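Note sheet for the following structure.
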């Protein structure tokens with residue numbers, strides 16, 4: 001009599017069958033699935049075989065929360081799946097179509113991610129713009145229009161709109177029956193501004209606290225950690241996507257010193273994660289899924305700044321850990337689609353994807369490289385001060401009672417922000433509008449204080465000439481200095497609160513203010529001394545040779561580069577923002593100076609600093625391991641300690657279960673025997689748990705004293721007739737684990753963990769197992785060498 005137990009997985013559906021035949025004594029286990037087709041025959045009737053691999057037992061091949069993935073294993077699983085599909089292509093038309101679907105599923109997935117990201121970005125831009133203007137007034141004719149759109153419908157000139165006299169738009173004082181100007185109107189506007197800010201901030205904090213705790217913050221430190229192979233369940237889920245999108249609109253509209261551009265990367269990655277489950281090739285493989293997430297991160301920056309090329313470079317330079325050429329192409333395509341969709345939505349009504357898009361035409365003078373580099377140095381210093389202050393406050397928030405009251409903290413910061421911001425017109429407006437104002441070139445229609453020059457526009461078409469600054473310019477400079485101090489201090493307390501908050505826009509604002517002040521100073525120097533050699537005679541003709549808006553743009557790039565330590569992607573983003581190739585050299589000079597100064601004053605950018613603060617297991621590929629130590633110094637267990645291992649054919653089910661109860665290791669090496677400790681392979685704890693649980697349900701006669709075999713051959717000593725049949729678990733065994741010797745330099749080991757994405761490596765000596773080095777061990781060892789607490793590494 002023979003027993004045939006079969007379990008087939010076809011197109012994701014499992015089919016189990018159990019049959020008995022009268023052939024010779026033989027157990028036949030056949031598994032047909034999307035990855036492997038295996039038929040194993042054993043002629044020993046005294047052995048019970050149980051087959052288990054990634055597709056045979058639900059859950060095997062998956063990862064638990066707060067664990068790292070095994071890149072090599074996942075890539076190998078995908079190659080097996082791909083070889084199986086290629087092999088089946090010749091069988092039928094259905095298999096041919098299935099193979100074609102597998103080939104272009106990656107492109108379809110990033111297409112859907114790009115379209116969805118563009119739609120989400122358009123909705124967020126429109127919603128944030130409308131709610132931001134709602135703090136100041138309303139459009140009675142159509143309440144869903146913001147102030148700019150409302151004034152467009154009134155057929156009034158742009159000049160009247162700039163000075164705030166649009167008749168269609170009513171301030172809250174006018175809605176309540178008061179006049180537009182006067183003390184009463186000011187008080188009403190002040191109170192309504194604070195009330196709306198409190199309402200928006202409280203809603204954002206409450207939504208995050210109740211529905212999606214992971215929706216707070218920027219998300220970029222966590223995205224970097226996830227792309228390096230860390231599992232954070234729910235961080236890229238649908239609730240996080242919804243609450244992050246709604247909360248982001250509310251937080252930005254509250255007037256807090258934060259931006260929506262950074263969180264757009266988190267939102268795009270949420271979309272990429274959700275849509276990847278439509279394609280099992282990516283949804284069931286964590287390593288492949290990260291290719292989609294890298295493309296989604298590029299799309300997030302693309303829609304945030306209207307810079308698709310900058311988005312691809314940002315994903316490559318800043319967030320992605322594994323970025324093959326295929327991912328580069330798909331990221332480019334995804335960013336292109338997202339930018340196209342956002343441009344089609346036209347959220348700002350100006351045919352551009354961002355509010356502060358500007359264009360310059362004037363060339364820059366060679367001597368201006370000196371103030372440009374000076375702006376880079378200032379940006380690096382301010383960035384270093386900000387990072388240290390923010391880290392100090394975030395560390396205090398984590399270790400004090402303040403962390404227990406996140407909503408209260410948000411409300412207090414919102415009240416302080418609104419009360420102090422309203423009197424200053426440059427802090428009352430949204431940060432994006434302020435950046436646009438600082439980037440703009442003064443002309444006929446710009447009537448702000450910052451453009452109060454003593455110019456006489458007799459001919460509108462004539463070129464703008466150098467002119468002395470009027471009293472409005474000096475007043476604007478003082479207001480901008482106050483705005484810089486106010487925003488710099490409050491952003492320290494705001495970034496890291498339990499609301500969605502980004503740092504790109506505040507950083508750009510810091511630098512834009514400094515750059516505008518320096519630019520106005522250079523402009524007045526050129527006006528008063530046009531013939532000195534510094535200006536190479538360019539300003540002697542009286543034409544407008546200095547562009548303060550360019551200094552503002554360079555300063556913005558300098559501070560943002562100092563805060564994030566971006567270089568190439570930053571220059572490309574700023575170039576795409578302005579549309580001028582002639583300003584690449586000033587941007588490059590400022591970005592490099594800012595990075596050098598920032599690196600000299602602090603080793604990490606803001607995102608890497610927050611990764612360290614939160615204890616995420618992130619091995620930065622940009623850092624060098626400069627210590628001369630060996631693998632034997634880091635491996636576990638230490639000298640004279642017991643190594644937790646499995647033997648290939650001498651342990652019972654009870655022994656295995658006892659070992660798992662007494663230890664917390666995520667995997668166990670398998671050796672030949674305790675006497676001969678030659679390495680056989682490695683088995684994961686999760687896979688072992690699942691295989692034993694499945695065996696209890698599927699295998700009859702399984703007892704605690706049943707032998708567990710990690711080999712296909714029978715044990716050397718034949719079992720007694722009364723003993724239960726052994727349980728064969730060879731199929732969950734990794735027969736080719738990454739191994740090193742105990743004399744391998746740790747510099748090489750760290751490079752292997754970084755470049756191969758290892759989860760662990762086994763240490764041997766002359767083929768005999770000595771110990772294990774995990775990613776956690778490497779991170780703890782690095783922290784110990786840096787005189788930091790090694791127990792801060794977050795690892796389950």
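Positions of Cβ are set from backbone N, Cα and C atoms, glycine also.
Just so you know, TrEMBL annotations are computer predictions that nobody has curated.
Within the model, the domain 'CBS' (635-699) carries an average pLDDT of 87. Among the features that TrEMBL reports, domain 'CBS' is placed at 635-699 (among others).
Residues annotated as domain 'CBS' in TrEMBL: 733-790 (among others).
If you look up TrEMBL, you'll see 104-126 (among others) marked as transmembrane segment.
What TrEMBL records for 190-212 (among others) is transmembrane segment.
Feature annotation from TrEMBL assigns transmembrane segment to 232-252 (among others).
Annotated transmembrane segment per TrEMBL: 264-280 (among others), in sequence order.
According to TrEMBL, the transmembrane segment annotation covers 292-316 (among others).
Residues or ranges marked as transmembrane segment in TrEMBL: 365-391 (among others).
Feature annotation from TrEMBL assigns transmembrane segment to 403-422 (among others).
As annotated by TrEMBL, transmembrane segment applies to 476-496 (among others).
Annotated transmembrane segment per TrEMBL: 503-522 (among others), in sequence order.
Listed by sequence, the residues of this chain that lie at least six past the ends of the transmembrane segment (550-575) yet keep a Cβ under 8 A from its Cβ atoms are 301, 305, 307, 309-311, 313-314, 316-318, 358, 360, 362, 364, 371-372, 375-376, 378-384, 386-387, 435, 438-439, 503-504, 507-516, 518-519, 522, 581, 583-584, 586-588, 590-595, 597-599, 604-608. Annotated transmembrane segment per TrEMBL: 550-575 (among others), in sequence order.
Sequence-distant residue pairs (6 or more apart) of the transmembrane segment (476-496) and the transmembrane segment (365-391) include at least 3 whose Cβ atoms are under 8 Å, placing the two stretches in contact.
Only sequence-distant pairs (6 or more apart) were considered; of these, at least three Cβ pairs between the transmembrane segment (503-522) and the transmembrane segment (365-391) are under 8 A, so the stretches are in contact. In terms of C-beta pairs under 8 Å, the stretch of 104-126, 190-212, 232-252, 264-280, 292-316 lying closest in packing to the transmembrane segment (403-422) is 190-212. Tallying C-beta pairs under 8 angstroms between the transmembrane segment (292-316) and each of 104-126, 264-280, 365-391 places 264-280 first. Same-chain neighbours of the transmembrane segment (365-391): 488, 491-492, 495-496, 507, 510-511, 514-515, 518, 522, 534-536, 538, 545-546, 551, 554-555, 557-563, 585-586, 589-598, 600-602, 604-606, 609-610, 613, counting only residues six or more beyond its ends whose CB sits under 8 Å from a CB of the stretch.
Using DSSP to sort the residues of the domain 'CBS' (733-790) gives these counts of helix, strand and coil: 23 helix, 18 strand, 17 coil.
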